[in-house]
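**Q** When I checked TrEMBL for this same protein, it listed these features:
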type: DOMAIN; residues: 264-365; note: domain 'Phospholipid/glycerol acyltransferase'
type: TRANSMEM; residues: 193-211; note: transmembrane segment
type: TRANSMEM; residues: 217-240; note: transmembrane segment
Amino acid sequence: MLVAFEGGSLVRALILLLSWPILCLLDWESKLKAMIFISFCGLPIKSMANVSSTVLPKFYLENLNLHVFEAFQAIGCKVVFTSVPRVMVEGFLRNYLKVDDVVGTELQTCGNYFTGLVSGSGLVVKHKALVEYFGEERRPDVGIGAPNLHDYPFISLCKEAYIVNNEDIQGWRSSVVGRERYPKPLIFHDGRLAFLPTPLATLCMFMWIPVGIFVAFFRICIGIVLPYRLAILLGCWSGLRIDLEGYKRTTTLDSKQHRSKKGVLFVCSHRTLLDPVFLSTSMGKPLIAVTYSLSKFSEIIAPIKTVRLTRDRTKDGEAMQRMLEKGDLVVCPEGTTCREPYLLRFSPLFAELTDEIVPVAVNTKVSMFYGTTASGLKWLDPIFFLMNPRPSYQMVVLPKLPREWTCGGGGKSSYEVANYVQTELADVLGFECTKLTRKDKYLMLAGNEGLVASPTQ
């Protein structure tokens, strides 16, 4: 389903779901071939490469059996035999579990597309593939398999055989590898689905989508048209949850003394394009937001003023200075969103603009769709986020930055200020600071540097 939905389309995913009752009547081999055909027929090879490297690893890691992982850690040379298409698992196995070789079902291709058919050798039969790989005389020291008829012949050929017991399979949530033990940190991943698409969960998603589209546009309309308090009230009634903490501690920023000077700079951690919108709505005051890449659609539906930046440091600095002269400004110095509990490196430009800096810790929770993407259609990001049944925003407004930790009053460098703010926000959120940047994210997820041409180009 992940291949069909993320690599293919909504229609392909729906066809796969509707085929499920028929698939249940087929034998194991026919069922697997049918699912492969529906998921891969006509699928671009490039799309599958993107899914295997940026989507599937997250779900594999979240469902990685703890005991199998510990066994893998203790074993030297590792070879995996699987009947599923090799292109679905090889990237994860080699990059995260350091597997030496992968033997899986090979798929036929025609040009740059999959045909949906398996290669001439057919589905991989594990015990036969093991004999072919190691030879008649040689046997692996350790074999790990599942308690089914397909794995028993396979592990019986090994010197020591281990089976993942039914208790582990049934209570898999209590026997998976925790994030702190991931063999490689999962910082970046892509795709729209935020849940494991089992048949029942996928059915619920398709039943929700028409309602979700209506709910998303309802939430957008009330945000554009209605006053702040009424918009929040109706938004909460629709299932949207917004929590704002700490704002009362900064009410002195609204005094006449500060209104006569430049505006306040709110520095936020970045979760979705809606961060400034929800901050402005929750505080009940108009804010100006700056962004590096904003679709025309997002610009139109935004209920607050947005200013597009150019990634030219001098021009962007001048533009933000002009905005601060007009009012309070919101900036997300990470430059891009991150879904996982990590903060990317903060650009230090914001620290050079003013000493009136207020950090804001922002976090979100979704249950069905991610409201961010690197390789998909970015103009759909706000809609996907608002399509969630009960999306939530948690924002904590920290006290204004101490004078001794500013460039003008404290003599700190802009880099020191940026790192200090990043650390403060990470402590509040319980996140981990990284030195990764927007460029690192897009190179991994989309194969580009994430640059968006301006409308004049």
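Every residue, even glycine, has its Cβ placed from backbone N, Cα and C.
Surface or core, plus neighbours and distances: that's what I need for these features.
**A** Mean pLDDT, taken over the domain 'Phospholipid/glycerol acyltransferase' (264-365), works out to 90 on the 0 to 100 scale.
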**Q** Using DSSP, what is the helix/strand/coil residue split across the domain 'Phospholipid/glycerol acyltransferase' (264-365)?
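**A** Counting residues per DSSP class in the domain 'Phospholipid/glycerol acyltransferase' (264-365), I get 34 helix, 26 strand, 42 coil.
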**Q** Hey, which bits of the same chain come close to the transmembrane segment (193-211), Cβ under 8 Å, at least six residues off its ends?
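**A** Contacts of the transmembrane segment (193-211) (Cβ under 8 Å, skipping residues fewer than 6 from its ends): 1-2, 5-6, 13-14, 17, 20, 59, 62-63, 366-370, 387-389.
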